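See below for the structure under consideration.
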Amino acid sequence: MEVKEAGYVGEIYRISGPLVVAEGLKARMYDLCKVGEEGLMGEVVGLVGQKVLIQVYEDTEGVKPGDKVENTGMPLSVELGPGLIRNIYDGVQRPLPVLKEVSGDFIGRGIEAPGLDRKAKWEFKPLVKKGEKVKPGEIIGTVQETEVVEQKILVPPNVKEGVIAEIYEGSFTVEDTIAVLEDGTELKLYHKWPVRIPRPYVEKLPPVVPLITGQRILDTFFPVAKGGTAAIPGPFGSGKTVTQHQLAKWSDAQIVVYIGCGERGNEMTEVLEEFPELEDPRTGKPLMERTVLVANTSNMPVAAREASVYTGITIAEYFRDMGYDVAIQADSTSRWAEAMREISGRLEEMPGEEGYPAYLASRLAEFYERAGRVKTLAGNIGSVTVVGAVSPPGGDFSEPVTQNTLRIVKVFWALDAKLAARRHFPAINWLQSYSLYVDTLKDWFAENVSEEWNELRRWAMEVLQEEANLQEIVQLVGSDALPESQRVLLEVARIIREVYLIQYAYHPVDTYCSVQKQYDMLKAIKQINDWFYQALEAGKTIDEIAGVEGLEEFARAKFEEDYKPAMEAALEKIRKNLLGE
C-alpha cells in the first residue's frame with residue numbers, strides 16, 4: 001500500500017475506540033488509510049467539513065492525537081487469483097498462517113501480508129491465442145488450484161476490451177505477466193477488486209435449481225435455490241453453527257466460503273480440524289479442497305467484522321464469475337450488525353430501533369442482494385447462495401436484525417430452543433419455517449426425483465400441521481379421548497418427526513441423506529400410513545397398530561449405507577404383522 005503524493009498525509013485530531021478523526025487529509029469515502037506510527041489499517045467512513053472519520057480495523061491502543069494518518073487513495077480491495085482455496089483469512093484478507101509466522105499466536109498490529117502467496121508457482125494453460133479479441137470478464141486460461149477446483153483466469157471486469165498481443169504458457173507466480181494486450185495492458189494471474197462494489201454480470205436468472213444440502217428437513221420441506229438467500233435465526237445453543245457446518249460440508253455447491261463473523265474461535269477451529277478429514281460425497285476428496293475461510297472471531301477488532309462479510313461475498317462472486325455454484329455461510333450477521341451499532345454510536349449518529357443505525361436494513365439488503373444465479377460476462381452460468389445465521393438476544397425474533405433479514409431473504413429456517421431441549425436436531429421448527437422457492441423448484445424435483453415428490457411433501461406437511469392442531473386437545477384431556485383415526489394420525493406424525501426429521505449430524509451415514517433416499521423414506525412412511533388405516537378398518541386396536549413389529553427396524557434402516565434392503569425387509573414385516581398374508 002504505497003501512499004500517494006502530498007496532501008494524502010494528515011494528523012489525528014481525536015480518537016474514540018476504533019474510530020479516529022483526522023484533519024488535513026485529502027480523502028474520499030471508503031479510502032484505505034494507515035493510522036499512527038504502526039500504520040494500522042483503517043477505512044474512511046465519513047467526511048464532516050475538513051475532518052475525516054476513519055474506522056480502524058485493528059486495536060487503537062497507544063495511538064494519540066497528533067500522530068500521522070496516510071491515505072493510500074485506494075478503497076479496501078481483495079486479491080482474487082490462485083491460492084484462495086484452502087486458505088484462512090482475517091476480515092481484511094490477511095492470511096492467518098502468514099500472520100502467525102510473523103507475530104506468533106496473537107496477531108500483532110500494523111502487519112501487512114498480501115492475500116495471495118507471492119512465491120507459489122502455478123501452472124497456467126492459456127485458452128485464447130495471440131491476436132484474439134478478449135472482453136472484460138472473459139476466461140483466458142486455467143490453473144489447477146486443487147484436485148477439485150480448476151481456477152479460471154479472468155480478464156478483470158474493469159479492463160477495457162482488447163486484442164491479445166502476447167500470451168504465455170508455463171509456471172508463474174501471481175505477480176508474473178501471463179498476457180499483454182495490444183494497448184500495453186498487462187494481465188496477471190490475479191487482480192484486485194474493491195469489496196463494496198458488486199462484481200458485474202450480464203443478467204440475473206430465475207432460481208430454478210435447488211441447492212441440495214443432504215439435510216432432510218431442508219431439502220424436503222424448506223428448500224433453498226442456487227442463487228437464493230436463507231436465514232437461520234435461533235437462540236443460543238439451538239444449533240445454528242452445526243447447521244451452518246452441515247451446509248458447508250454437504251451442500252452441492254462447488255465452492256464454499258465460510259465467514260466466521262464475531263463468533264467463537266473454537267468453531268472456526270472445528271472447521272479447520274474436520275474439513276481436511278471429511279470426504280466430499282461428490283468428488284471423494286477432502287472438503288477443504290473447495291473451501292475458503294474468513295475468520296473474524298469475537299476477540300478480533302469489531303470494525304473488521306463488516307469488512308469480513310464484504311471480503312467473503314467478493315471472493316464468492318469471483319468464483320461465480322468462473323461459472324461455479326458458490327455457497328456462502330455467514331455466521332453470524334447479528335455480530336456484524338452489533339459492530340455497525342458500535343461504530344454508529346461512535347459516529348454520534350441518530351440511533352434507530354434498539355440502538356441500531358437507521359441504515360441497518362439497507363446494509364443487510366446490500367449484502368443479501370449480491371446473491372443470485374447469473375449469466376456471467378464470459379457467458380457461463382454461476383450462482384452465489386447466501387445463508388446467514390442470526391443470533392437474536394434471548395431468541396426474540398421480533399428484534400430488528402431478524403425482522404430486517406426476513407424482509408430480504410426468501411427462506412426462513414427457524415431454530416427452536418424447545419426442540420433443542422428435547423434433543424430434536426436439526427432443531428428447525430417445521431411450523432414457523434417457510435421457503436418461498438417451493439413453487440419454483442417443484443418442476444425440478446418432479447423431473448429429477450419423482451412425479452410424486454411434491455404430493456408426498458404436501459401430505460407430510462399436512463400431517464404435521466394436523467398433529468400441531470390436535471396437540472392442544474391432547475395436552476388437556478390426553479390422547480385416549482381422541483377418535484381412533486386421529487390417534488393413528490398422531491402415530492404417523494411421530495414417525496415423520498422421529499424417523500424423518502431427526503437427523504444425526506455426527507453419524508457417518510445419517511449426516512448426509514441423498515434426495516433419492518429422502519424420497520424413498522417419505523414414500524415408505526406414506527405406505528405405513530396407508531397400512532395403519534387399513535388395519536384400523538380391519539378391526540386392529542390402536543395399541544396393536546402403534547406397537548407393530550418392524551417399526552424399530554424401519555427406524556434403524558436410515559443408518560445403513562445400503563438402506564434399501566433393510567427398509568424393504570422392515571416394510572414387509574410391518575405389512576405382514578398388520579394385514580397378514
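Note: Cβ is positioned from N, Cα and C throughout, glycine not excepted.
Fair warning: this is a prediction, and the values are worked out from it, not measured in the lab.
What Swiss-Prot records for Gly234, Pro235, Phe236, Gly237, Ser238, Gly239, Lys240, Thr241 is ATP binding site.
Note: Pro235 (ATP binding site) has non-local neighbours Ser391, Pro392, Gly394, Gly395, Leu415, Ala417, i.e. same-chain residues 6+ apart with C-beta under 8 A of its own C-beta. Other C-beta atoms found within 10 angstroms of the C-beta of Gly239 (ATP binding site) number 22, with every protein chain shown included. Residue environment of Gly234 (ATP binding site) contains 29 other Cβ atoms, counted within 10 Å of its Cβ in all protein chains. Taking the mean position of the Cβ atoms of Gly234, Pro235, Phe236, Gly237, Ser238, Gly239, Lys240, Thr241 as the ATP site, the remaining residues of that chain whose Cβ falls within 8 Å of it are Ser391, Leu415, Ala417, Ala420, Ala427.
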